[in-house]
């Protein structure tokens, strides 16, 4: 039985309910064209592709020549990576709507998604003389070049898009990405400055200048640029967030905390923001407060592994080792490929006497990130604490096989060889360590608290310096 429903103004919720009831009962149904279009739009906004596709197909059953529904169906097919079907749908749309620019634009976009970059660019190029929205076309052409790996060409077309529309946020962001990948970011800083010269009150221009400085690790200048963006637009959540990240890189953790709290004022809270806020508190040694913010992140997204890790790391630092372990294990369950998670778990397991579990965790960390010096430095402390200096040295040697230029590993080798009585080898490693990084020799004194040994080491080090 076919049922008919007229859409009353603003009554889309009722239509959604009826549509889903009919899907469940497999009834035939009918809505006005604009209702089908709004149903598809609703489901796309909810990222529910399956229902969006069913709504588009149902609409086309009743309105087979409806351009908007044909474009929606083509887009959804492309999102499913069913590119040939998507292009067939666009052929049909073009047949009934010859010369329509939306059809041609989407064809260029789908060809890009399908990896047919040259065809995509040619399709888009053909419509430039017929469209008023040239900045959108230039942006899509730049996307195709970027996905093709032709970053210089992508930069050219992103700039064309920005010249026509300086407020094109997507083009500004992707431009900095391409310049960074191509290694051309620093030489293009004058371009960003020229955008500000054209419009000093463009918060987007200041924001993207901040991004450029951040990628170049010029954090003081990045902070200034983000500050200007915020002065112009005080509710600019992304600028507050990036400013917080910049302050973290500068070691200004209280300012970072303030910036993250401002972020939460102006956008919907996310697990990511709460994790960054927690990290800023953690770096201030305000560990109970940090745990509170990490817990907020878990509430918002129980699958956010960084939040579980943050709680576990803070509890471990507070000496609550038994409580910390389950949180660290949960983080690893969600993301088994992060060496830092395994390192903290290894340290925590060792502190509660689980030596085997600790060694297993260190082994996993070394497997994931064999070029992380901390893995070997911390792992070697287990046999060292047990008086097995030879095994401690072997662990360091494993690290040196991966990191032959890492001074800290040579200094630690010196420590273990001295404890083992291998003074000649210790001196050879000491000379290598001093050559790589002289100033780091102070770490040796942590392992030799006796004043006489410190004096002897200092004398040897001074002799090396005088050579």
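Using the three backbone atoms N, Cα and C, a Cβ is placed for every residue, glycine included.
Sequence-distant contacts of the repeat 'TPR' (135-168), counting only residues of its own chain at least 6 positions beyond either end whose CB sits under 8 Å from a CB of the stretch, comprise 105, 108-109, 111-112, 115, 117-118, 120-121, 124-125, 127-128, 174-175, 177-179, 181-182, 184, 188, 191, 195, 198-199, 202, 204-205. What TrEMBL records for 135-168 (among others) is repeat 'TPR'.
If you look up TrEMBL, you'll see 203-236 (among others) marked as repeat 'TPR'. Beyond the repeat 'TPR' (203-236), the same-chain residues lying 6 or more positions past its ends with a Cβ under 8 Å from any Cβ of the stretch are 166-167, 169, 172-173, 175-176, 179-180, 185-186, 188-189, 192-193, 195-196, 242-243, 245-247, 249-250, 265-266.
Per TrEMBL, the feature repeat 'TPR' maps to 237-270 (among others). The repeat 'TPR' (237-270): residue composition by secondary structure is 28 helix, 0 strand, 6 coil, according to DSSP.
Same-chain residues lying 6+ beyond the ends of the repeat 'TPR' (271-304) with a Cβ under 8 Å from its Cβ atoms: 241, 244-245, 247-248, 253-254, 256-257, 260-261, 263-264, 310-311, 313-315, 317-318, 334. For 271-304 (among others), the entry in TrEMBL reads repeat 'TPR'.
The repeat 'TPR' annotation in TrEMBL covers 305-338 (among others). Outside the repeat 'TPR' (305-338) by six or more residues, the chain places 271, 274-275, 278-279, 282, 287-288, 290-291, 294-295, 297-298, 344-345, 347-349, 351-352, 368 with a CB less than 8 A from a CB of the stretch.
Residues 305, 309, 312-313, 316, 321-322, 324-325, 328-329, 331-332, 378-379, 382, 398, 402-403 of the same chain lie 6 or more positions beyond the ends of the repeat 'TPR' (339-372) yet place their CB under 8 Å from a CB of it. Per TrEMBL, repeat 'TPR' is recorded for 339-372 (among others).
A mean pLDDT of 96 is what the model gives for the repeat 'TPR' (203-236). Secondary structure of the repeat 'TPR' (203-236) per DSSP, as helix, strand and coil residue counts: 27 helix, 0 strand, 7 coil.
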